[in-house]
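Trainee: Annotation comment: TrEMBL describes 41-61, 98-115, 127-146, 177-195, 201-223, 288-307 as transmembrane segment.
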């Protein structure tokens, strides 16, 4: 009997040690899960991912073959300006005429000199690697302020996308340059630096016109924050900067500069389309199809502005009034309201684009986690959202595109649009109090 008691007594401390060890492991696992699931840990996860990306990006540069597509054409176009040609209709590269605004010329002129007249491809790749890391940093700062997306999603935004790494460091397209300026602009808007934010936004537009897809959202935010009278100076900054940057070319041939660098009717080649492969080529090229897409684009923007962004109970025309004269007191814009309007505006434009080419993926790639996780409908689980991300990535990595890949891309876009419409809104409905109540 005594021996049995002694045996159980010796087992007691060991059992307690095992129990304490189990508790410690459970606590560590819970904290690790919090690290992956709680948006407040975004910066910690971002720091780890950025360090990993340094190694991944430079491994890609040194291990994966560079593919020449537009770099030589960019260098030939800016070389024409260096040689004294300011007539945009006379500036050409191997792939055709120069079709980007003046900001592109100045930035790639700097790259021209930094890379030995465009011949040092490895130096150009390293510059774009830094650009890629700067883009990630700016994007993570945006997500940190919105505090909506669980950190585990950022792994898929960073390390898992072959196409985005390729666009930055294996193709050297100008799209990443425009997007890094755009994300800098959004960070300035979040910091309430509206004038500087508009300045950077205009700089981004001066590199590539796709940034204008964010413009409807920016216009709404400016009107909501300042009214028409207060928004005009900010819009003036955008316009004046475009004139100043394009002045040498405007003085030489204004019609040629505007028609080439801001050509809204430019025709795209069917063989490069990612999103409309399932259509007959004749329909893809038809002007009636383009007009239908534009109509759908503008209609959906208007619906979001009326029903999802402007929720004060007043007419949307009240945005034109000075904020102090509106019936409903103005509430400060939150980070989520700013980011939601801009990202949604751009995404609607992507959905109804006449064509998407492979380098256009960066136009909205870094915004997808926010669009999927910030205002999710209840039926859209984590697993379904990851599936949507995966299908989008697969569609953009299918070369050449197929009817199936294009169809899958549109299905994923439709799911995102539906959950943006049905999910909780970052602009809560404001109850307008009557004068009697006051």
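Every residue gets a Cβ built from N, Cα and C, even glycine.
Describe the structural context of each listed feature in the structure shown, including burial, neighbouring residues and relevant distances.
Mentor: Using a Cβ-Cβ cut-off under 8 Å and counting only residues 6 or more beyond its ends in the same chain, the transmembrane segment (41-61) has close neighbours at 34-35, 122, 125-126, 129, 132-133, 136-137, 140, 143-144, 147, 149, 151-152, 154-155, 158-159, 165-166, 168-170.
Long-range contacts of the transmembrane segment (98-115) within its own chain (CB-CB distance under 8 A, at least 6 residues past either end) are made by residues 74-75, 77-82, 88, 91-92, 121, 123-124, 127, 174, 177, 203, 205-209, 242, 245-246, 248-249, 257, 260-263, 266.
Through the fold, the transmembrane segment (127-146) approaches residues 39, 42-43, 46, 49-50, 53-54, 57-58, 61, 111, 114-115, 154, 157-158, 165, 168-169, 172, 176-177, 179-180, 183-184, 186-187, 190, 335-336, 339, 366, 369-370, 374 of its own chain, all at least 6 residues removed from its boundaries and within a Cβ separation under 8 Å.
Here the transmembrane segment (177-195) has long-range neighbours at 104, 107, 131, 134-135, 138-139, 141-142, 145, 201, 203-205, 207-208, 210-211, 214, 218, 221-222, 225-226, 233-234, 237, 335, 338-339, 342, 362-363, 366, meaning same-chain residues at least 6 beyond its ends whose C-beta is under 8 angstroms from one of its own.
Outside the transmembrane segment (201-223), and at least 6 residues removed from its termini, the chain residues within Cβ reach (under 8 Å) are 100-104, 107, 174-175, 177-179, 181-182, 185, 189, 194, 230-231, 234-235, 237-239, 241-242, 245-246, 261-262, 301, 305, 309-310, 319-320, 333, 337-338, 341-346, 348-350, 360, 363.
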Trainee: Can you name the far-off residues of the same chain, 6+ from the ends of the transmembrane segment (288-307), with a Cβ under 8 Å from a Cβ of it?
Mentor: 216, 220, 279, 316, 344-345, 348-349, 351-354, 417, 420-421
